[in-house]
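Step one of this worksheet: look at the structure below.
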Amino acid sequence: MATTRAARRTLRPLVFSPGWAATVALVAIALVGLSLPPTLQYAPLVASALVLGLPHGAVDHLAVARARGRPPDRGAVARVVALYGVVGGAYAVGWFLGPAAAFALFILVTWFHWGQGDLYVLVALADADYLRSLPQRVGTVVVRGGLPMLVPLLAFPAWYRRVAETLVGRFAPEAVGALAWAFRPDVRLALGVGYGAVVAATLALGYVRADDRGPWRLDAAETLGLVAYFALVPPVLAIGVYFTLWHSLRHIARLLLVDDGAAAALRDREPTAALARFARDAFPLTAASLALLAGLAVVVPNPPATVPEWVGLYLVFIAVVTLPHVVVVTIMDWEQSVWA
Ligand SMILES: CC1=C(/C=C/C(C)=C/C=C/C(C)=C/C=O)C(C)(C)CCC1
Ligand SMILES: [Fe+2]
C-alpha cells in the first residue's frame, strides 16, 4: 500500500483515540446505570448530518481516481455521479415499492460496509498481517459489521424494531409486519450463536497465524470492546457515536492518505491542514445532500413530524446514498488490495 510511514504515524492516534475514548466512556456510563436523556441520545446521529458522518461519503466523486493515483478529471467525477444517480435512484424507488425489504437490504449493506471499513484499517493502519487468507478477511468483515448491525438486535430488540418502524413508516406503516420474524427470540438466539461462532473462529485463526501478537491484540480488544458497547449502550446513541467517531473518521483518514496534498500535510505533521482540505472537498456535496434530504421529506407518503421521524427519514436517505458509496469503497478496496 503506497502510503508513507510518516503520514500514517501522524494519522494513527487521531484515527483510533476518539472512537476508543467515546466507546469506553459510554460503556462506563451504562455500567454505572446512568442513562442519557433521549434528546442527547439522538444528538450524535443528528450531528452526523454535518460533522464527519454525511461528509465522509461526500468526496466519493474524487475518491476512485485518487485511489488509482490519478487526479480526478471531469470524466471520473461524471462516472461516480452517474453511479449515484442510477444505483441510488433505483434503491430510492425500491423504498417506495417495498419498504420492509429495503430496510432489510439497508441492514445487510451496512453490515458489509462497516465491516469492510474496519478491515481496511486493520490491514493498512494496524499492520494486521495475520489476516493472511481471503476467508479470514471475509470472517473479519462479518465480525466487524455484525457488531453494530447484529449485537443491538440481540440486546435491544424493542429499540431495533422501533427504528425499523420509523424508517418503514415513512412509506407504509403496516409493512413492518413482514420483518416480525427477525425479532423472535428463537431467531435471535440462532443468529447470536452463529455469530458468536464466527467471532471465535476468526479471532482464534488470527491468533494462530500472528507472528507479532500486537495487532491481533488490538483487533481482539476492539472486537470484544464493541460487543460490550453495542450490548450495553442504547442503540440510537451507540450507532450515532459509532457512525461518526468510528466508521466515518476512519474512512476520512483513508481519504486523506490518497489525496496527495493531504498526505503531504500529514507527513509534515499538520493534520489540521489535511482535514481542512477534506472539509473543502466534502462541503459542496454535503450541502447538496441536505437539500435532497429536504426534498425527500416532501415526497414521502408520511412526512416526518418529530425528531425520531426526521432521524428515520435521514436514515432512509443514508441508505439510498450508501449503496453507491459501497460500490465506490469496494473499488478502493480493490485498488488498495484490501482483500488479498
Ligand atoms: C440507528 C439504528 C439502527 C440502524 C442504523 C443504520 C443501518 C445506519 C447506517 C448508516 C450507514 C450505512 C452510514 C454510512 O456509512 C439499527 C441498527 C436498526 C438499530 C437501532 C438504531
Ligand atoms: Fe462509509
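Cβ coordinates come from backbone N, Cα and C, glycine included.
Record features (TrEMBL):
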type	residues	note
TRANSMEM	14-36	transmembrane segment
TRANSMEM	42-64	transmembrane segment
BINDING	H56, H113, H247, H251	Fe cation binding site
TRANSMEM	76-97	transmembrane segment
TRANSMEM	138-160	transmembrane segment
TRANSMEM	189-208	transmembrane segment
TRANSMEM	220-245	transmembrane segment
TRANSMEM	282-300	transmembrane segment
TRANSMEM	312-332	transmembrane segment
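Shown on the structure are the features that TrEMBL records.
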residue: H56; record: Fe cation binding site; DSSP class: helix
residue: H113; record: Fe cation binding site; DSSP class: helix
residue: H247; record: Fe cation binding site; DSSP class: helix
Annotated stretches the transmembrane segment (220-245) and the transmembrane segment (138-160) touching (3 or more Cβ pairs under 8 Å): yes
Listed in sequence order, residues not in H56, H113, H247, H251 with Cβ within 8 Å of the centre of the Fe cation site Cβ atoms: G57, W114, G117, F243, S248, R250, H325, V329
Cβ neighbour count (within 10 Å, all chains shown) around H56 (Fe cation binding site): 25
Which same-chain residues, if any, lie at least 6 apart from H247 (Fe cation binding site) yet have Cβ under 8 Å of it: H56, W114, G117, D118
Fewest Cβ neighbours within 10 Å, where candidates are the binding-site residues H113, H251: H113
Long-range neighbours of the transmembrane segment (189-208), counting only residues six or more past its ends (CB under 8 A): 128, 130-131, 136, 139-140, 142-143, 146, 150, 153-154, 216, 219-220, 223, 227
